[in-house]
Amino acid sequence: MNVSFILILLLFGAIATYFAGDKLAKTVALVFSLASAVFSVYILNLHQAGINPSFISQWITNPNVFIALQVDGLSLAMLLLTTFLTTIIIFSSFGNQYNNSKTFYALVLFMSFAMIGTFLSADAFLYYIFWELALIPIYFIALVWGNGDVEERKRAIIKFFIFTLAGSLFMLVAFIYLFQKAGSLMLSDLYAVRLTSQEQFWIFLAFFLAYAIKIPIFPFHTWQANTYQKAPAVGTMLLSGIMLKMGLYSVIRWQLPIAPIAAKTYMNIFIALSVVGVVYGSIVALKQRNLKKLLAYSSLAHVGLIAAGAYSLSVDGLRGAVLQMIAHGFVVVGLFFAAEVIERRFQTQEIAEMGGIRIQDSKFASLFMIVMLASVALPSTFNFVGEFTLLYSLYNVNIWFAIIAGTTIILGAVYMLNMFKNVMLGDKDSRVFAVVTTQEIIVFVVIIAVLLFFGMYPKPISDLVTPPLQEIVGRINRL
Amino acid sequence: MNTLIAISGLGVLCLLVEMFNARKAIVPITILGLLAILGYNISVYNTLGTFYNNMMLVDRFSVAFSSLFIVITTVLITMSHEFYKDRPTKISDFVAIKVFMLAGGVAMVSFGNLAMFFLGIEVLSISLYILAASNRLSLKSNEAGMKYFLMGSFASGIILFGIALIYGATGSFDLTTIYQVTHTASYPQWYIIGTIMVVIGMLFKIAAVPFHFWAPDVYEGAPALTTATMSTLAKVIAVATLYKLAIILVPGQTYAFQMIIVVVAMASMLLGNIMALRQNNVKRMLAFSGISHAGFMVMTLLISNNSANILLYYATSYAVAGLAIFAVIFYVMKDKENETIDNFNGFGKTHPLLAAVVTTSLLSMAGIPILSGFFAKFFLLSQVIQTGWIVLVIVAIISSIISVGYYFKIILAMYTKDSEQELTSIPLVYKIVAILLLVANIAIGLMPNLVLNLIS
């Protein structure tokens, strides 16, 4: 059985969820996402056993386009991240009631389908289709099921859509140009194209627009905070947990190896932009009064560090980026879930209206505390491994990058602990905080277990992703 | 050749059926007739040739495009029974005119002689003038018909003048003779003037900037079914004809000619999309969107490799998406004084399935992947970039981004606003047509080879 089965499974799951009706929808969606997670573990086993589960078949003959799904350590890591996080996200939403939930869960599964397609594609045409396809479900999830005033939400989300689409259309131009050069859009053919440094510069820039908006890198981040705030919890988790990893993954898989000369020449500029994003995100986060917005800006800071590591063009940097992508995926889902747990009870996102939770529910306070500490990269959590490797790789490029980016850890601790104090501590006022349910505890425990386990023993993931990353770095340095 | 005769015969038959008082049978008979003609037309795909002293030239190009026109007409006529329900006495006229229009269209893609071409364009245009003004009691419809007639006949005059100059320069109306003269011997300057006049006339018919002024007003005033006919069938016919003319009449790919096409394409795409952003009337908006698509389709004239195939693919995808949207518009805008976007409010909640059809068709027009519109743009732009006009590609991309803005106005209205109208059920025929067109859209998106290699 090859990897294309997982896409068929999820697409079928989306359709089945839609026809299951509103009552059964979430159960059906959970079953299918769990099945996809199990299947991705099976693919991992195949990969470890030395069997290649890739899938290639010709799609369109005249412009030479293939349906090519490639499995290597890197795409496998992203596959596992997506399937497991989708399962957790769907399970975490069991406490919510959505109107028309059959459509909602069908869209969630469909989005998972598109994102997995993006991570697996080895043909640029197919990759681009999945990349754009992932945008449609999240647009509707955020628009129809989002919170806040309708007019404001519409404005925030259409901005997000047009920004992302605009960026990716420039990527499309780059692909069309490459297609003329290579005669095919297969990844291996694109790697083999010889481009002058000027051509590489323009192609690198077109890719950068698409990815910088998706990730987002400063100054293309303006859509982020509002969209995260307006989207429903599930949408925010999908966006921050998985979808922005599409951008980071694409930097490593497509941008750097296709335009290596440009990547090397302008490396410092792109690292600098990413580092500016780190500092900017942290400082803005200090000032936030809205919990989801605060988490959005903290996410901007962490992701900027990942991007900086990826642009450092070293095996360490790329490995750190991949590790931190996975760690950040889990931790950010945990944080947004905590915000959602509070919102379910207090019906607010304003930090000023919270407080006094720890006195009423110490269990939730401890769980939130652990996730929060993981996000500020406390040693022995997975995030520490990722951020440490990233800072080390920046140090190798230029010590100042490491120092400036390192402030994120200090500032992160400041705004996170401050937030924790305002949200959780304090006297019990009139608001009643109902004790967390078992279902909510399970979500937290799973996330914390992943973060702690890989924090102490990151070797399996590291071993999985290092060979393909070495190959990519080798390709960059050879030219 | 027999296709054209059969279509004209079918039109006459429609009028005769009226005489025998069998009004209910008109639409079914016409549909069956058109399907039979379509079958015949496909069967002559491999037997090509010229007829009547080169008056008609049947080649892969004409067969493929004629089939597309027949399919579009069939869809339009299928919906006309429901559309003209409150005016049953006129149905034979409306159907017959559409069939005659199709005959004009077929003549326009299979002419071998400029006289035949002019005959075709006049049959097409006169049918459209009548259809635009066909809502006799509505002031707007009368205005639309009059406006279209005045401007359209002016354009026809320019075309005729151009043909006369071409005749003066080459001494023939026959395409093969003209081709030989322009490619072997030297020819007088006024040949070029004549060619430009013919091209200008055709640019008017496809509503490309700067000859687009009639389109929004006429689209808005005409009855919805006529607007649908103009924006899908007539536009596709005109673009195909312009392509055929330009390939034969313009000697070589001169830089000057390329420059004209680039400017027209850029202006159409940008102006069409920017103006569409400001519209609140759905038909006007689709008129401007049609202008921008005309700009896209004109780009096929720049490319040498595979261009006819790409034009066919683009035209098919555009027509399929446009017809699906109009099938829903017929229902939404029925008996409405103002045809604004507000009429779509809450449509996503009251009619989820049809809202999904409209959404996907709009996304297809905007060029979002998996739908055929994306593939059409991809194939087109990937060939254009080969000609070296990267600026044109970037303008096309920017205008695509702009277009998302107004296509999403309708989508937002459907999903975020609440409906004030009572719930009525949508006529079955619109529903079936809309869903079939959506399936067709996805099918040619997933399997582009179905359409893409018909003309080689």
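Just so it is clear, glycine is given a Cβ too, placed from its N, Cα and C backbone atoms.
These numbers come from a predicted model, not from an experiment.
According to TrEMBL, the features are:
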type     : residues  : note
TRANSMEM : A:6-21    : transmembrane segment
TRANSMEM : A:28-45   : transmembrane segment
TRANSMEM : A:65-91   : transmembrane segment
TRANSMEM : A:103-122 : transmembrane segment
DOMAIN   : A:122-408 : domain 'NADH:quinone oxidoreductase/Mrp antiporter transmembrane'
TRANSMEM : A:128-148 : transmembrane segment
TRANSMEM : A:160-180 : transmembrane segment
TRANSMEM : A:266-287 : transmembrane segment
TRANSMEM : A:294-313 : transmembrane segment
TRANSMEM : A:325-343 : transmembrane segment
TRANSMEM : A:364-385 : transmembrane segment
TRANSMEM : A:397-420 : transmembrane segment
TRANSMEM : A:432-457 : transmembrane segment
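Away from its own ends, the transmembrane segment (A:325-343) comes close to residues 77-78, 81, 85, 88-89, 92, 95-96, 233, 236-237, 240-242, 245, 248-249, 291-292, 295, 298-299, 302-303, 306, 349, 354, 357, 364, 367-368, 371-372, 374-375, 381-383, 385-386, 423, 436, 440, 443-444, 447-448, 450-451, 454, 461 of its chain (Cβ-Cβ under 8 Å, at least six residues beyond either end). Against the transmembrane segment (A:28-45), stretch A:65-91 shows more Cβ pairs under 8 Å than any other of A:6-21, A:65-91, A:397-420.
Between the transmembrane segment (A:364-385) and the transmembrane segment (A:65-91) there are fewer than 3 Cβ pairs closer than 8 Å, counting only pairs 6 or more residues apart in sequence, which means the two stretches are not in contact.
Counted over residue pairs separated by six or more positions, the transmembrane segment (A:432-457) shares fewer than 3 Cβ pairs under 8 angstroms with the transmembrane segment (A:266-287), which leaves the two as not touching. Using a Cβ-Cβ cut-off under 8 Å and counting only residues 6 or more beyond its ends in the same chain, the transmembrane segment (A:266-287) has close neighbours at 201, 204, 208, 212, 216-219, 221, 294, 297-305, 307-308, 311-313, 394, 397-398, 401, 404-405, 407-408, 411-412, 414-415, 418. For the transmembrane segment (A:6-21), same-chain residues at least 6 beyond its ends with a Cβ under 8 Å from one of its own Cβ atoms are 27-29, 31-33, 35-36, 39-40, 43, 69, 79, 83, 102-103, 105-107, 109-110, 112-113, 116-117, 120.
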